[in-house]
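> Here it is: the structure, laid out below.
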Amino acid sequence: LPQDPMDFEWSYWIEWGRERILWLLAGHLLVSQVSRLLVEKYKPWCLMVYGMAACWLLLGIKGFAVILLHATISFAVAQFQLSLLTWLCSLMLLSTLRIPAVEETKRKWYDTENEYYLLLFTVSVRCLFCTSFSLEYCWHGPAQKSSHSFLWMLAYVFYYPTFHNGPLMNFDEFSKQMRRQEAFNLKTNLGILIVGIIRIFFWWCLAELMIHLMYIHALYSSASPLEAASYWALGGLALAQVLFFYVKYLVLYGVPALLLQMDGLKPPALPCCVSLMYGFTKMWRSFDVGLHRFLVRYIYVPMGGSQSSLLGTLFSTALTFAFVSYWHGGQSYLWYWGALNWLGVIVENGVKRILSISLIQDLI
């Protein structure tokens, strides 16, 4: 049966995966295992060099220079050890992705739109990694500065499994785990690899079946079938959409998560099945775990979080969702999406607080 081509993200990453990215990830795996076996002490630097070479090969010298420039500027600003200044720098670097003149210049570097989009996606994800490193640098004392050198920043920013699309891993977790030296067991690692490949292949087959049999995205792209459908059918389409989104990210995050395991790191948990979720809060906590940890550690908690007053909690939550909307592109529909999610979380937590009152508990 013909494939539904309307899900851009799936088609895009599968095409890139088949062409080059899977081969580069296989190369990372080889370098990682050899370095763990022979030179465990220098593993971070071996992986850093490989990541830089892979970036150069895929994005070209100009794309590589853009990412290196972002990292250098972020590191230079972090030297002032001011969190607010670091955030302003990060937002400024992120905003350069949306300047029309800069976009046009970058487009001219490549022969196809797909190559330009790969640079765009990569740089937007690298912005989060640069922000994580810079804030950790600001928060740590002089005694820990050696573990926050520019070399460590490059090792973190150019770590290839998470390079193009995530998942996000905060620098403190990455650094701690990368420094930890464990006994290398080829047999155990081989077992993890085989089981992981089987699971990812199963998820990929399931996603391909949905793309070839259900045509969810094609239905969404046309108004007439939606207008003709009953409310039950629309509900079924909405559920099918989020279920496909879940299976898609099992594959897109499952591949880098497997490589993280092979490198001796603990990856963020894979998305939780959306059919098991009934709340906004759980959705944000357990779908993209890496992004959730980033938002909580660097935005929600520093702004007061749940420990502040009611207005403080509302403000820190709003700021968190505002950043998510802006990072995803900042289009008007993303602001509506962020606002509705913020409202959902606020209402949910408000109801939870009301239900925790002893009088209400007695009535229940």
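Glycine residues also receive a Cβ, built from the backbone N, Cα and C atoms like all the rest.
Annotations in TrEMBL come from automatic prediction, not curation.
So TrEMBL says this about it:
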- 20-39: transmembrane segment (TRANSMEM)
- 46-69: transmembrane segment (TRANSMEM)
- 75-95: transmembrane segment (TRANSMEM)
- 116-135: transmembrane segment (TRANSMEM)
- 150-169: transmembrane segment (TRANSMEM)
- 190-211: transmembrane segment (TRANSMEM)
- 231-252: transmembrane segment (TRANSMEM)
- 310-328: transmembrane segment (TRANSMEM)
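Mind mapping these onto the model and telling me what they sit next to?
Same-chain residues lying 6 or more positions outside the transmembrane segment (20-39) and placing a CB less than 8 Å from one of its CB atoms are 13, 46-47, 50-51, 54, 57-58, 160-161, 164, 184, 186, 189, 193, 255-256, 259, 262-264.
Sequence-distant contacts of the transmembrane segment (75-95) (same chain, at least 6 residues past either end, Cβ-Cβ under 8 Å): 124, 127, 130-131, 133-135, 137-139, 150, 153, 302, 326-327.
The list of residues near the transmembrane segment (116-135) in space but at least 6 beyond its ends in sequence, with Cβ under 8 angstroms from a Cβ of it, reads 12, 16, 55, 58-59, 63, 66-67, 70-71, 74-75, 77-78, 83, 86-87, 89-90, 93-94, 97, 106-107, 109-110, 148, 152-153, 156-157, 162-166, 168, 170-171, 294, 298, 327.
Long-range Cβ contacts of the transmembrane segment (150-169) within its own chain (Cβ-Cβ under 8 Å, at least 6 residues beyond either end) map to 13, 16, 21, 24-25, 28, 44-45, 47-48, 50-52, 54-55, 67, 71-72, 74-75, 118, 121-122, 125-126, 128-130, 132-133, 175, 178, 252-253, 255-257, 259-260, 263, 265, 267-268, 288-291, 293-294.
Long-range contacts of the transmembrane segment (190-211) within the same chain, counting only residues at least 6 positions beyond its ends with a Cβ under 8 Å from a Cβ of the stretch, are 3-4, 7, 10, 29, 240, 243-244, 247-248, 250-251, 254-255, 258, 261-262.
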> In the same chain, who gets a Cβ under 8 Å from the transmembrane segment (310-328) while lying at least 6 residues past its ends?
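Hits for the transmembrane segment (310-328): 91, 94, 124, 127-128, 291, 295, 299-300, 303-304, 334-335, 337-339, 341-342, 345-346.
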